[in-house]
Structure formats: C-alpha cells, structure tokens
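**Q** To start, I am sharing the structure in question, which I have written as structure tokens.
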C-alpha cells in the first residue's frame, strides 16, 4: 500500500482529552480545554501512513517517485557552481546573484608553496532560464575582481554597489553586566486569556537538486566557485588551532600598497561526469531533494593573514572578501519560511527533515513524533560506525518531552489500559508503538527494537487486515501516532503507592539586602494574587497543589497557616547544622481554605523584618528544610528560592568569595565553573530521590558564586533566574513576569526518562538539567515544557538501510494533580551507505545545539582553549570529509560547503565567541556560569536565536503592516543611521536608534522632538496613540511572548556609551574579546580544511 494513497477512516475517538490549565494554556499541549474539544490527532486530518507488511510496520519508506532524482551527467555534481538559496531580495542580507569575490590565498600546510591555478572568471546570474555560454561570457566581461574599483554589474543582475569592509567593534561596555542590570520594560501580567505564548517553530525547506546553471524550483542563484593563488612571496602559515583565539587576534595587515594579483581559477565545466566512487543517491528524506552544495572559493581577503609575515611591498591594497558573497543566515531562514511555512509538516514519512525552527508551521502526527518534541542532528544515519567516524557528524537528538504546542495542535492522547497497564516488549521493555509488527493473525507481535516475539494479551487482541495491519490501528493512539500518554499503574509508583498531589514551598530571603531593595515587599504583594494561578488539571476548578512558606537569613522561620488559625504562627529553627521541620500540620495547606491566613502572613512578613540589620545568609539548610517538609508530607514538589547574597554564615554549604579573573585563559579557568564544595551535589542527589525540584531566583549586588548555587537547580531539573543589582523601579516587571510564568507552567514531578533505540545504535551520552544514578535513566525531580534533554548515539552494530533506525523516548512522571503517567515519543530515521545521503539530511540548528552543549560541559574539565580547538577541529573534519567524498573535483582554492550545512561556520563562530568560551573584560564570572547552565537545557529554537540574534529594522516596512519586519544580518554594516532596529536573543532586547533618524519618527516613538533628547538606557517606551508607537510596542510584546523568559528592553543611541553593549550581539563582526568576524572565520575554516585534505 502506497504511503500517500490510503484514505483515513472516520475518527472514532475525537472526544476531549484530559487537559491542564497552566501558564497561558490549559494543557501540556497548549490548547484551551475549557472552551473547545480536543483537536483530532493527525491521522484524521490527512493521508494516513501506509503501513506495509515488512517491519517496521509503522512507517514505510516513500515510493521512489518521492525521492530526489538520481544524479546524472546532466546534473551539477555536488560542489558544482549552481543556483542556491540566495534569492533576489534585500541586498543587505546577502547576494541575490552569483557574484564572485576575492578571498585570501588558500592555506599551505607547513608553508609549502601552492601552484597557481588557472583563470576562473566570475559569473553573475539572474533568475530565469539557464544562460547560454555566450551570455555567460558577456556577463563575465563586465566584472573584474582584483582591481581597486569594479565596474557596475550587467543589467541582467542586481545592481548593488561595491562591498564595504566589515566594521569591527571597539570601545568598552558599561559596567552594569551583560545579563543583569539594564532597565526593565513594562508588560501586563500574564493571564489565561493571553493564550499560547507565540511559539514559532519555523520550518526549513529542502532545496532542490538542480542541473548546472538551472534554477531550482525555489531559491535564488548559487554562488560560483572562486580560486586564486598566494600573494607573491607570501606563504599562508597561520597559528595552529591550539593557539588561544583561533583567529581571534586582530589580523595583521599587509604592508601599504600590497595588491592581490594573478589570474582567477578556471570556470567549472557546465556538465561534469560522475566522479568515481560517488554513487547517485536518492534523497534520503523522501521529500524535496537537498540540492548540491554551495561553493565559495577564490582568494581570501588579504587583511587576515593569521600570523604570517608580511610579504614584500606591493602596489594597491586588495579588496577583502565581500560579506554579501558568503552564506546568509537571514536568506536561508526566509527561503525556508517561504517554501515550508505554508503547508503542514506531516510526520508519516520516515527520515523526513523538518522545517527550520525559525519557520512557523503546523504538525500533523501520522506516526512519528513532532519536531517540537524531538529534533535530530541527522535524519539519515550512517549504516556503519566507520562511516560515522569518517564523517564526524555527531548523531544526537534534542528531546523536549513536555513541549508546549500551539493551540492548533492537539495534546498527546491519554490511553488507559486499566490494571493491566501499557503493553510492552518482554525483553527490552519498549512500549507498544506504530512500528511494532503483528504476526500470526494478530496473536503475537515482533518488537521493532529488539526483534523479540511477544504474545498479545487476550484483552488486547484484534484481527489483522489484508496488509497485516490491525483493523483497530486508527482507534488506538499507540498504534497510529508518534506521541501519546499511558496512565501508569501502581507498579510504576514509588513504594507501590499512588502519589499525592505535589506542593510548592516559597522560601524568601529576608536579610538586609532583600529588605533594602524592596524585593520582599514586592514579592509578598505579588504572591497574594499569583496563588490563584497555580497549575491545575483538566476541568478542575482549583489546583490540587498545596503551598507553604519559609523566610530565612542566618536562621529559618517556618509558618503555620492552618485555615483554623486567626493569625499565622512563626516557628524559628536556629540549629541550621541539623535541619528539621518544626511542624507538619498547617505547613502545607490548600490556598482557598487558608486564604485569609496566607494573606495576613504576606502582609506581615515585610513589616516583621523591616528593621533587620542581618546581612549574612545560609543556603543549603534552606533547601534541606524544604526537602524534609516534602518528605514528611510524602509528596513531590518544587521549592521557589529567592536569594540575594553569597551564603557566608556558619552552616553547611558555607561559601567563600573565589572570584578571580586572573584565572581566565589559564589551565585553572575550569575551576570557575566547578562547585566549591561537594555538599551541593550531595544535597541535589537527595532532592532528586524525594522528587524535590528547586527553582532559584538570584538578586545579587556582587559575586554570589552562581557556579555553586546553581548545582541544585541544575541537577533537580529546575531553573535559575538572575537579576543583577536588582532595583524595583527598573527590574520589577521582568522579575514578576518570570515568576508568574514559572509558577503557572505545568510541571511533571518525580520523573524518570529512558531512551530506547533499535539494534545497531545506543544512547551513550546525555546533556541537560537532570541527575543520572546509572548510565540509562535520566532522573528529574521536576521537568517543565521548556526543558530539553540532549542524547548522543553511537553505533554498536551495523544498521540496515531497509529497516532504518528507531528511537523511543519514555517519560514516567507525576502530573500536577498527582496522576502517574507515561509519555511516549517515537521517531523513525533512515540509514545510509553513502556519505552524500548523510550530508543531505543534516539539521544545522540541532547540530549547533549539540555542539554548544558539548562545549559548555567541556569547560568543567578542560581548559577553555582546548574546548574551542576541539570545536574548530570537528567542524573542519565534517566539512573536509564532505569535500573529499561528496564534492566534484575542483581546485583546492575553493571552499565547498554542503547545502544544508552552509551556515555551520557562521553559527559555530557565534558559539566560539560566546561569553562562556571567549569572555570580554566586562563579563563577570557569575554571568558566564549563569549562561553556561542556561544553554545546557535550551531547545533548538532558543539556541538558534541566542547565538545568532535577530535584528529587525522598524521603519523600512509600512507602518500599517501587521507582519514582523524582515530581519537583517547581525553586523554593524547592516545598520543605517537613519533607521531604528530591534535586536533580541531570547534574554536581551535592544532598541537601537540611528543618529540621523527622522524627527517625526523620534516624536512618534519617544515623544521628544530630537535625537539628542532621547534617554539612553530607557527601558519602557511611552504609550502614545499613533500607528508607529503601537506597532513597535506590539512587536516588542510579540517577541517577548515567543521566549521563555521576559526580555527587558534597553534603548541604545548611536555613538552612545551603551552602544558597545549592543554591538556585542552583532555576531558577524569581530568581537571586543578577540573573536573573529564571520568572513575571517570562514577563511580560517578553509585553511583548516585544506590542511586536513593535504
């Protein structure tokens, strides 16, 4: 049966499912359960997968017609100059035509000379039919590269002017800290009415394979290859990768008058014969083919010589490589949105690469888990370990088990098998899924993971149809969907006892610092109303979660808020060395029953400690107290800790100030990321055993040792929020918004996750915020919809190309109502014997997510320099393997990138320049530790915008336009001093105002008459009744709604001292900390590749 031919039956189970009203939505999936029935799952909304009789039953491969056409002599071989994804559009986002620019001479291993290559003229191609040879020759004659001034391009191309050089940032940041104390914008409190917080999971289209000079179905022309010789008398000897800043030191300039001369390389042939050893491959994604790679060749820019000695003086200075002639992230993102943002992504085809995370798309579940739950670095896995080692592409999956879905998508269905529980394989314990193969008339099933034959219980038996599929397959979510939930039996519960509903305990620092800043009063006022919005399940009128309160400085104060009391009672525990809970009855209470007593307590706390002079605090005993309270109540739960200073009081977990910037760039730098004492890891282990998750809100005025304090939240599945130099007037909205969201979001407690794989691969490494007591089980005291677990796989046997590879993620957790559940996600991947299929089906955003987490964990045990070198080497090996095995023969002067990895260099450079791996002088040790633990559990969407921020021009699109303005590349070159730009990276939000912006725009946005009157550092825009003001404020609200944390606004004026902070996020430019520009890093990467190939 063809996968695209089946007609779905009528949905038999379209009834509403249990749902959860939490933060912004009433279920894990984000759909509003109170007003509308559950949306039928994907199998009923489109073609059903045609399960065939050969295993795996669930996902069949697509028919040959859906694959890419096999390579032929009429096609451009991989690596050949052809059209790419550079569409005709805004010039500031990259070339729209195949413009050739110069680059630095190719590198030489050990400085050996390189023979000059032949002449290769540039090609300028517009859209349209393929040009004739005569047309090409005409276009070539109109452009020259090596002269000082290039003539205008021919009329058939785009008429953009000569390239400008990349500007490098200079100056210094203000002392306020990168992630701390900028003024805060105002935003309304979160409410249920706001709906789902605008998760935009954008998509990516797979570009089509195309013949030489033939435009594909979509996308713009591709860059031609470019080659060039070394400068006379110059060798390309650069620093080894082991030097501290790969290309981070400022490049040495050539002597005045140096000129790049020599002929350009030969034009690649229009049609190249199939190279030996490279077999024609069908596209492994069984969708649109992911076409040939882009070529970027030619001489490197002359400025970055990477430490080589200047050659003899030459006449004119050379032009540097045009930034517009290299791959543009913005263009790739826009192309994917245009090509894949209009149609739903149907998960019925095995190994299908999903749209990019930057594309907004809908998902129809037809047997594989949605990419919102699982994204892989590659959807086509090498069949052998030798092939995987050769390619060096990490095989990993980023799993977000409780991901929130947009309202248009249904939450996973809940399946109840009663006392018998979910059906599993007897040998490997995998759960029933669409890939299981039923045999012997339905009386047995063969496990798709371990091939064990299992009996089908009588109560689960059903007959098979003529294709070998059960006739009730579409009545059962576990037989037709990629994601679903089982209600767990008592066998899945601790001590064979069903759990109690969880509890929230608020633990408030009442030392001098917390009182002085107004934090305690602000928090107590907010909690009065916030307790009405605790997460609840289904149609429940009130939350089942109980609450408790503790305040502390050097000692701890517990509060009895039993509903029968007229006033709350305080009990003080001063023996912090041996912590215990002084009361059980009345500590954890139902909010509605004890509302009057709780309100009275929250009114009294700020007054009781108003005159305190106690500056010392404890930390470990506070968490111990919360954990003991949960243990006494026999329930799981979450601690909300509000803490202001380094815990220096005499108590377990006492810390000293060890901040030492002199350790940066030394072998001891790793100690700055390690906890000071083992007491915190021991405490975290105890918390996980109890199901006690910790969320930490920090309000430091100075060093607090985030690396140590964040250990417990990190290992328990919690979160850390940091508000440096907290001031109520500037930071209240950000803190309250984060707090509301954190309290309201749905959480799974006391969770255990296991990832099973089919024979041939296994999970070997895990990254994220969790604890592992063995090598297979990920233990999480708490897991919310923002957290991910990244899993790396390795081969332990040969894979079969026909049967593919399977993953199953099973999460056992306790819901907010105390119900024990199993959430299952399944994914089928293709397997390949050709490297070209691997490179054609990679996902660069997921690859960068994995590489960043790998590096950020590496700094705990290795010098930062070694970690950075490892990343550079791995990237070079990935691209060199592609060049050697998949690209058509071409000059060594060409840089050839795989089509779906052409953004790998720019994104990897952003990771290398990040504050954790290459800090500027203004980045504090706490900031680095904070960002390190944040990235560890980020999903692919978050790492994408964190490492490559979005830069949006505000005055170029019509004021009446309701769509988001098109982004521009993150470089100072792209800024116009007559415009205003918004920049966001998921944590920070800047509004940059050009010095020449029109007076009317200034008046409309800031209600002042001139640029000079704008207040730099402003954190709230005035609310003005005009279209531009409404549009900008609406856009800011929209961006904030898309992110998991509130982004505070900072207004930055051009040439103001705050501008250096803004320029830190223009990641295509050189950084103040010595990080390379995108252009320079691409040149350096080319040098590394050539060294590997030679």
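One is the number of the first residue shown, and numbering goes on along the chain from there.
Note that Cβ sites are derived from N, Cα and C of the backbone, with glycine treated the same way.
Keep in mind the model is a prediction, meaning the values are calculated, not measured.
As listed in Swiss-Prot for this protein:
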type     : residues           : note
BINDING  : 425, 428, 447, 450 : Zn(2+) binding site
COMPBIAS : 8-19               : compositional bias 'Pro residues'
COMPBIAS : 20-29              : compositional bias 'Low complexity'
COMPBIAS : 60-77              : compositional bias 'Low complexity'
COMPBIAS : 90-101             : compositional bias 'Polar residues'
COMPBIAS : 123-132            : compositional bias 'Pro residues'
COMPBIAS : 133-144            : compositional bias 'Polar residues'
COMPBIAS : 165-175            : compositional bias 'Polar residues'
COMPBIAS : 189-215            : compositional bias 'Polar residues'
COMPBIAS : 240-251            : compositional bias 'Polar residues'
COMPBIAS : 273-282            : compositional bias 'Low complexity'
MOD_RES  : 214                : phosphothreonine
REGION   : 1-338              : region 'Disordered'
REGION   : 425-450            : region 'Zinc finger-like'
REPEAT   : 962-1034           : repeat 'Gelsolin-like'
**Q** For the repeat 'Gelsolin-like' (962-1034), jot down how many residues DSSP puts in helix, in strand and in coil.
**A** 22 helix, 12 strand, 39 coil
**Q** Are there any residues at least 6 positions away along the chain from residue 428 (Zn(2+) binding site) with a Cβ closer than 8 Å to its Cβ? List them or say none.
**A** 447, 449, 450, 452, 756
**Q** Which one of these binding-site residues has the most other Cβ atoms within 10 Å of its own Cβ: 425, 447, 450?
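**A** Its Cβ has the most other Cβ atoms within 10 Å: 447.
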**Q** Enumerate the residues of the same chain, 425, 428, 447, 450 excluded, that satisfy the criterion Cβ within 8 A of the mean position of the Cβ atoms of the recorded Zn(2+) site; list them in sequence order.
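**A** Here the non-site neighbours turn out to be 426, 427, 429, 430, 448, 449, 451, 452, 454.
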**Q** Compute the average pLDDT of the predicted model within the region 'Zinc finger-like' (425-450).
**A** 96
**Q** Can you tell me how the residues of the region 'Zinc finger-like' (425-450) break down into helix, strand and coil by DSSP?
**A** 3 helix, 7 strand, 16 coil
